[in-house]
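Colleague: Residues or ranges marked as GTP binding site in TrEMBL: Gly112, Thr113, Gly114, Glu144, Asn171, Asn189. Taken from TrEMBL, the feature domain 'Tubulin/FtsZ GTPase' covers 2-203. If you look up TrEMBL, you'll see 365-389 marked as region 'Disordered'.
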Amino acid sequence: MHVAVIGFGNAGGKIVDAILEFEADTGRSLCKDVLAVNSAEIDLAKPDRIPEDRRLLIGQTHERVKGRGVGADPELGAEVARRDLGEIDRALDSVPVYEVDAFLVVAGLGGGTGSGGAPVVSRHLREMYAEPVYGLGVLPSTDEGGRASLNAARSLQSFTDATDSLMLFDNDAWRQAGESLSSGYDHTNTELARRVTTLLGAGALDDSTVSETAMDASDINRTLSTDGVSTIAYASAELDRGTKSGLLDQFRTNGHESDTDYAQKVHGLVRRAVKARLTCPADVESAERSLVVVSGPPEELSRKGLQHARQWLEEQTDSVEVLAGDDPREDADRLSVAVLLSNVTDIPRVDDLQERAVDAQEKIEAEASARDDEVAELVTDENNQLDPL
Ligand code: GDP
């Protein structure tokens, strides 16, 4: 499918940049238009691939922001986004909406600009356009502390409500042991981009390679549009395409065995994907709908393998709402599988996040009232004999 992508805040911009990089590396064409929106000028300079004229600084005239960011305050992030909706609209005027199958709004939920702003803009897009609006939200890792959990748990509510589906990515599950924070994000952003682009980029072929079982945008929209939360599974295998002309390979491609091999490879990869780490770990059985995309060179895309994988996923999710299709890529050197598990309802990490958020909120409130008393005590003399001026 083709999407217009809006990266909100620092994480949003960097992840969109990683999507553009993966697209360029693999010859895909998912993004018809991109826009990075931020309240911090310094963060808007970070992406490498987002064109300069597709970066929008909001909150410039806001007395507390002035281009310096919202300081991890999502209320302020939401306010600034609301105030500058007109500017965001103008920036989106150039989006070729007739060529776009959906909008995708990307943000980290533990900070301020993305956490507060992404739901505001998603809601606005939904009012303005007939196309579905999807979110891609990043949950903070537990070591970021209570404030990030609180921001994320609150944003999760409004972002889910404002989108047709919110795809989740959990930084906690993807934290790289021993890596520095910034290089850890580079790696996780690449992994995230790989998953999102393989999934949503299906059916966006610019050449004439069309297969009978090709996935198209309406399949993806149908699976995603549940008003709930979704997660993505992924696996890939390198292909030794150089040996294609070998004797053994010639023999096998002519024989029945090769069909079975191809089918097993596809089926095996789908199983491996679903058993591996999801973008946000969830109980697969709780998915309402799912969709399998198998991407690779046309000769590798076994229809039988796809059928078996679909049947297997129906059993795993205990649901008949499973679509499977392929995404032929002549030049691909890997066979990749992305599985969308849509409207998952059993996500232990979200329960954990909410508990942490409630604890943090109680602590913040208790600290604020204790501090008021302490300040009053500090500025008042011991026997309260003095009158303020
Ligand atoms: P904002 O600019 O105010 O929206 O805040 P940030 O985007 O800097 O941070 C919000 C949250 O996003 C943080 O709490 C992190 O959990 C996460 N985050 C920040 N940068 C990245 C990134 O490059 N990749 C990923 N996966 N997460 C990030």
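Glycine residues also receive a Cβ, built from the backbone N, Cα and C atoms like all the rest.
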Colleague: Return the maximum Cα to Cα distance in Å (whole number) over the record's GTP-binding residues: Gly112, Thr113, Gly114, Glu144, Asn171, Asn189.
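Modeller: Greatest Cα-Cα span of the listed binding residues: 19 Å.
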Colleague: By Cβ count within 10 Å, point out the most packed of the binding-site residues listed: Gly112, Gly114.
Modeller: Gly114
Colleague: How does the region 'Disordered' (365-389) divide up by DSSP, counting helix, then strand, then coil residues?
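Modeller: Here the numbers are 15 helix, 0 strand, 10 coil.
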Colleague: Count the Cβ atoms, other than its own, that fall within 10 Å of the Cβ of Thr113 (GTP binding site), considering every protein chain shown.
Modeller: 34
Colleague: Count the Cβ atoms, other than its own, that fall within 10 Å of the Cβ of Glu144 (GTP binding site), considering every protein chain shown.
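Modeller: Result for Glu144 (GTP binding site): 19 neighbouring Cβ atoms inside 10 Å.
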Colleague: Sequence gap of 6 or more, C-beta under 8 Å: which same-chain residues meet both conditions with respect to Asn189 (GTP binding site)?
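Modeller: For Asn189 (GTP binding site), the qualifying residues are Lys14, Ile15, Asp17, Ala18.
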Colleague: Near Asn171 (GTP binding site), which residues of its own chain have a C-beta under 8 A away, given they sit six or more steps off in sequence?
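Modeller: Expected: Gly108, Val138, Leu139, Pro140, Ser141, Glu144, Thr188.
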